[in-house]
Amino acid sequence: MSQEQPRRPSEKAAGGEQGIRYGDVFPVTGSLAAKPIAPRDAATMQSAENLVLGKTVKGGPAAAMESAASRNEEMGVVGHDQATDAAAEQGVNVSDTLVPGGGRIVTEFVAGQAVGHYVEQDDGAAVVAGVAGAAPGAVRVEEPAKITIGEALEAAALAAGGKPVERSDAAAIQAAEAKATGMDTSMPGGLAAQAQSAAAANLWTARDADKTKLGDVLSNATAKLAADKDVESGDAARVAGAETRNKPGAAARPGGVAASMAAAARLNRAPTT
């Protein structure tokens, strides 16, 4: 298996009174970054990886969390049965979606923030995006699979598929479709048109349960696109700009279209040697 692993905490962070925090190990933000990694968080992530993947990923988020939590427990920063409040309230989960031609995209979350995003090939080889460093002794994949825009949209459908479609989602999907097809106008009946219609209808729908969800629009996105291409940094930037311009507070949805495109772009430019 080939992958990039969570970065090592600094010496100061590893020995500080606050212990090893999420922000020391993963590219997370907000209050979660300041929270010490707790044993129950690590155990929950390990269970999630085993449930979805049938194994614990070597050098992956669960392994990194277990190591940090053990160190924090030794330092007396956390108790053996302690969980981080954000993780306990907002959840720890692993999602995956099959990639056409073989393999699957895997995204791992703590409290709604991605701590791991990678493609696992059918032979078990994987490359992780969104975290720094390199797994010691890992065998590199010679030619890692490139993630297409359609596949990134399918990953968003799985990671945030239960969320009602909003105007910002529709804008992001329109930007993604335009980059995939090379046309600035929406395709009649295409993903962007469906997303715009759903977002408009959701504004007039009182109950969230009755609203059209992101997964309803983006499921099987690859087949719905008239054309597709590998995700590049410029594609991800355009989608991120479209999403944040149309969202109050200019914050992208965790696990949403912009987040999945950004992770795919990082993965596609990851070194292979």
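The backbone N, Cα and C atoms fix where each Cβ goes, and this holds for glycine too.
The following features are taken from TrEMBL:
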{"type": "COMPBIAS", "residues": "1-11", "note": "compositional bias 'Basic and acidic residues'"}
{"type": "DOMAIN", "residues": "20-74", "note": "domain 'SMP'"}
{"type": "DOMAIN", "residues": "147-204", "note": "domain 'SMP'"}
{"type": "DOMAIN", "residues": "212-270", "note": "domain 'SMP'"}
{"type": "REGION", "residues": "1-22", "note": "region 'Disordered'"}
{"type": "REGION", "residues": "229-256", "note": "region 'Disordered'"}
- Task: Could you pull out which residues elsewhere in the chain have a CB under 8 Å from any CB of the region 'Disordered' (229-256), counting only those six or more residues past its ends?
- Result: 95, 107, 109, 112-114, 146-149, 152, 156, 159-160, 163, 166-172, 174-176, 178-180, 214, 262, 264-265, 268-269
- Tally of DSSP helical, extended and coil residues in the domain 'SMP' (212-270): 37 helix, 2 strand, 20 coil
- Using DSSP, what's the helix, strand and coil tally for the domain 'SMP' (20-74)? 37 helix, 2 strand, 16 coil
